[in-house]
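**Student:** Summarising the annotation, TrEMBL assigns domain 'Mur ligase N-terminal catalytic' to 23-71. If you look up TrEMBL, you'll see G110, T111, N112, G113, K114, T115, T116 marked as ATP binding site. Annotation comment: TrEMBL describes K220 as N6-carboxylysine. For 331-462, the entry in TrEMBL reads domain 'Mur ligase C-terminal'. Annotated meso-2,6-diaminopimelate binding site per TrEMBL: R380, D404, N405, P406, R407, G460, E464, in sequence order. Here TrEMBL flags 404-407 as motif 'Meso-diaminopimelate recognition motif'.
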Amino acid sequence: MKLATILGTIGASSGRGAAPRTEVTGLAADTRSLRRGELFFAIDGARADGHTFLEQARQKGALGAIVSRLDQSCPLDQYVVPDTREALALASCEFYDHPSEKFPLTGVTGTNGKTTVAFLVRAILEAQGVKCGLLGTIQNILGENQIEPSELTTAQSNRIQGWLARMFDNGCRGAVMEVSSHGLDQKRSLGCRFEVAIFMNLTPDHLDYHKDMESYFEAKSLLFKYLGNHGRAVIGWDDPYGGRLVEKISGPKITFGRREKSDIRILSWAPRPEGSQVELSVFGKKIAAALPLLGSFNAQNVAAAAGAATALGISALRLEEALPALQPVPGRMEPVNAGQPFRVLVDYAHTPDALEKALLAAREHTGGRLICVAGCGGDRYRLKRGPMGRIAATLADYAVITSDNPRSEDPLLIIEAIVQGAVEAGRKEGRDFEVQPDRRQAIRRALELMRERDSLLIAGKGHEDYQILPTGKIHFDDRETAREALRDLGFKGELSKS
């Protein structure tokens, strides 16, 4: 694509450099991945300002740079725009020929449930014979045997548009995308045309970034501005913020939840030995299915996916046929089995609301005691640490409090805040909980405490296969760690796949 075309799309002034008929080979916002002939976008981010990397971009062969302010000391051609994030998003849509307009794109937002709902919607579409891509927290599925690792829930806009284009080229005729509040606020999904936009819920998280719940809600609400002319909103009506969104959106919408007038109504949800039984009303038509999903909170996830499927034209009958084939999502109430006479579950729950729901779900499937391993990430919203400790120590019969991803913080100070929440709830160290800062040892200790018919919930990291410590990033997988400990304890039976 000609440089002049991109400059015209983003409304860039010439700054320093003309608008030559040179071919742009790609778009980059990170000099580490920039290749010769690409156009560099200098984004002023939370951790670094792209304008400080202009000389590095020039040395790596960048064709030019899109900037919000000129750097006279760098001889690289520079073109000025008011907002380089917005410019990158609009340029990416143009460069990749607006891929989201070529097939129905479903977006999912909310504090909890995004990943599970995205996987469920994709599975339902695939059951209808629709090859479907996925962008999200765990992985990016770009086609058959085409999987890219995921670093962010919502990637930078040039990656999003490039991946959507690859999906279409690989034969996908539908796509599902997790859309985070950070991604929306930073315009990463700007230019995407969504056929369906799902709102799950809103509970306190990321308030280190958004500052208050109202700003957080406004960021989540941005997704619904990207709906196409015939797009539909699918909204969790049981959540108070969902109720506000129903009133706020004037276009077509589908509601889901337990409320009597919900379009997709949860009629019942009952635990089974290795899953659940659900009954829904889909615009008045009753459907029922046995699912391999643990936890009553998954009723909302299934209802949301049913709402999206309905918005995409899938009948209640076809939906009922597809539901039993759904598979558990990696790191979401995922069982670890080594022939032990108790249940071990790994879950991504890293907010107070998610941890509460995961523990209540584990309790539904527990005949004995419920034990929990939990921590809190560093460099993130600090006010959730106390509530996490209170929830872990009160809803479990015993908790082992440990590190999660401390990042640059002292893990002992994070644990201290978690413990304070447990103590303020009337729980006592040594009786109701204990502290083991080393996560590997915490998991091992919890497993040593297990008896027949007990359940262990290892919360916080789920699918993640790393731990971020003050000293750097290391390989760490809760599922692998649990299996190793189970083997050391003498359980060497069939292992679950994850």
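Positions of Cβ are set from backbone N, Cα and C atoms, glycine also.
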**Student:** State the Cα to Cα distance, in Å, between R380 (meso-2,6-diaminopimelate binding site) and T111 (ATP binding site), rounded to an integer.
**Tutor:** 14
**Student:** State the Cα to Cα distance, in Å, between K114 (ATP binding site) and R407 (meso-2,6-diaminopimelate binding site), rounded to an integer.
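**Tutor:** K114 (ATP binding site) to R407 (meso-2,6-diaminopimelate binding site), Cα-Cα distance: 24 Å.
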**Student:** Compared by Cα position, which of the binding-site residues D404, N405, G460, E464 is the closest one to G113 (ATP binding site)?
**Tutor:** G460
**Student:** Taking DSSP as the reference, which of helix, strand or coil describes D404 (meso-2,6-diaminopimelate binding site)?
**Tutor:** coil
**Student:** Anything within 10 Å of the residue listed as 'N6-carboxylysine'? Look among the binding-site residues G110, T111, N112, T116, E464, comparing CA atoms, and list what you find.
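**Tutor:** Correct set: G110, T111.
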**Student:** Under 8 Å between C-beta atoms and at least six apart in sequence, can you list the same-chain neighbours of E464 (meso-2,6-diaminopimelate binding site), or say none if there are none?
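**Tutor:** Expected: G331, Y348, N405, F476, D477, D478.
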**Student:** Would you mind reading off the Cα separation of D404 (meso-2,6-diaminopimelate binding site) from N112 (ATP binding site), to the nearest angstrom?
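**Tutor:** Between the alpha carbons of D404 (meso-2,6-diaminopimelate binding site) and N112 (ATP binding site) there are 18 Å.
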**Student:** Say you check the Cα of T111 (ATP binding site) against those of the binding-site residues P406, R407, G460; which is nearest?
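**Tutor:** Ranked by Cα distance from T111 (ATP binding site), first place goes to G460.
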**Student:** Considering all pairs of residues in R380, D404, N405, P406, R407, G460, E464, annotated in the record as contacting meso-2,6-diaminopimelate, what is the maximal C-alpha distance expressed in whole angstrom?
**Tutor:** 17
**Student:** Spatially, which candidate from the binding-site residues G110, N112, T116 is nearest to G460 (meso-2,6-diaminopimelate binding site), comparing Cα atoms?
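**Tutor:** Closest candidate to G460 (meso-2,6-diaminopimelate binding site), judged by Cα separation, is N112.
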